[in-house]
Every structure is written in structure tokens, then in C-alpha cells.
Amino acid sequence: MSTMSGLKAWIGPSILNADLSSLATESQKLLNSGADYLHLDVMDGHFVPNLTFGHPMVSCLRKAVPVALFDMHMMVSEPKRWIQPMADAGANQYTFHLEALNGDNEVNDCIRHIREAGMRAGVALKPNTPVQSVFPFVEDIDCVLVMTVEPGFGGQKFMSNMMSKVEALRQRYAKLDIEVDGGVGLNTIGECADAGANWIVSGTAVVNAPLPQQVIRQMREVVNEAIQRAQLER
């Protein structure tokens, strides 16, 4: 099996970095600029110190932005509790943190409920969590999110040493969607792409760019070129 065969680049701006007072307008602007999906950070003030928004906001945003993939990054201490509300609100991918649950049974139960709710299932790893922790669940999920900063706050510096996790996942799972989130911009996208990531979350680098469409296009080109190189090397 060729490494990264059948994959393509997905660029998803983190809308938490946008103007929250006009989120629907900002979200549509990002989609018009070429974003493949919207990354929505949900923080409960418990799993991480920060507090953002819940399913009522997602439901309102879905009505205003009917055509977009909503990728929910659930930084919450009770991920199972919000599965159905987020599905009802219009979420498409539900990514919970492995660290929020205790034991394989709880993780498998959460994955099953996400699938039953009709969403793609993702598992996120904090920087201090070994990548091997997610291996038992990869066959049952759609995406692994490797955090390249500590979750909960924006504007942190990209952690290059997290790329070893991405490489380990890509070597084992050729067709897995691997997402990176935190400090990813034009100066770090090459590292992410070369390691094997194909879903790219970018906050300030896209949202605050004078021409976000150029940044999104450049990021997509870097990732797709890395995918093509990896296929040729096999």
C-alpha cells in the first residue's frame, strides 16, 4: 500500500480566531476563500481552562452557513454528553480527546455513539499523550488530531517535536486522515506535510491574513505536493 495513497489536502481555518460578533459572515468569507472545512473549538472551562461556545451556537451557524463541513474539536471533560446535541446542531465530524475518558471501553463507546449519530469520528491527542495510545482505536475512526500546541489557548508556538507522532501514524496507517492543530502557518506547513498530515487547521495565519485565499491555496499546494512525493517514493 502506498503511503498516503488516495489522500488529499484539507485546509480548515479555526473560526475561533475570527470576529465572533459576525461569525456567519466570517465563516462564509473563509469558505469563499477556498477553505475545505471549518474547525470549531468547543471548550467547557473544565477540560481546558478556556470557555467558548456550545451546540446552540453551532445550530445557528449551520442555518446561516448550510453548506460546509463542521469539524468539532471537543475540548470537554464529558465528550459523550454532547454527541447527539452536536449532531442535531449540524456537526459533521466530532473529535474528542482521548485524555477525557478512562479506559478502552469508554473510548469505544464514545466512538460508537458518534457513528450512530451520523458523524465522522475523530480522536485528539494532547502533546504529552503518547501516540501509541490511539493505535487500538484507529481502525474504528476517521481522523486522528495531533495537537501541536497545548489545547485551550490560541497564539501558541508550534511544537515541531509533535511531528514524530504524525510520522508514526502515517507509517502505520496509509489512508488515515491525520489532522494537526496549533501554530500552523506558512512557516510550519512544510513540516506538517512532510510528516504526513493531510488535514490542516490554521487559525491566525489564515483568518488574519490580508488575502486568506492565497494562504489557503499555498498550504494546500504544499500538502498535495508532499502527498505526491510520498507516493513516488514507494
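In case you wondered, yes, glycine gets a Cβ from its N, Cα and C as well.
What TrEMBL says about a protein is an automatic prediction, not a curated fact.
Record features, source TrEMBL:
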BINDING   SER14, HIS73, GLY152, PHE153, GLY154, GLY155, GLY183, GLY203, THR204  substrate binding site
BINDING   HIS39, ASP41, HIS73, ASP181  divalent metal cation binding site
ACT_SITE  ASP41  active site, proton acceptor
ACT_SITE  ASP181  active site, proton donor
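Using Cα positions, the member of the binding-site residues ASP41, HIS73, ASP181 nearest to THR204 (substrate binding site) is identified as ASP181. A gap of 9 Å separates the Cα atoms of ASP181 (divalent metal cation binding site) and SER14 (substrate binding site). Look at the Cβ of each of the binding-site residues SER14, THR204 and count the other Cβ atoms within 10 Å; the largest number goes with SER14. Spatially close to GLY152 (substrate binding site) yet at least six residues away along the chain are MET43, VAL48, PRO49, ASN50, MET75, judged by Cβ distances under 8 angstroms.
For the divalent metal cation site, the Cβ centre of HIS39, ASP41, HIS73, ASP181 serves as reference, and the other residues of the chain with Cβ at most 8 Å from it are GLY12, SER14, LEU16, LEU40, ASP71, THR95, LEU145, VAL201. GLY183 (substrate binding site) sits 16 Å from HIS73 (divalent metal cation binding site), taking the C-alpha atoms as the reference points. Contacts of ASP41 (divalent metal cation binding site) defined by a Cβ separation under 8 A and a same-chain sequence distance of 6+ are given as SER14, LEU16, THR52, HIS73, MET75, in order along the sequence. Over all protein chains present, the Cβ of GLY183 (substrate binding site) has 21 other Cβ atoms lying within 10 Å. Other C-beta atoms found within 10 angstroms of the C-beta of ASP181 (divalent metal cation binding site) number 26, with every protein chain shown included.
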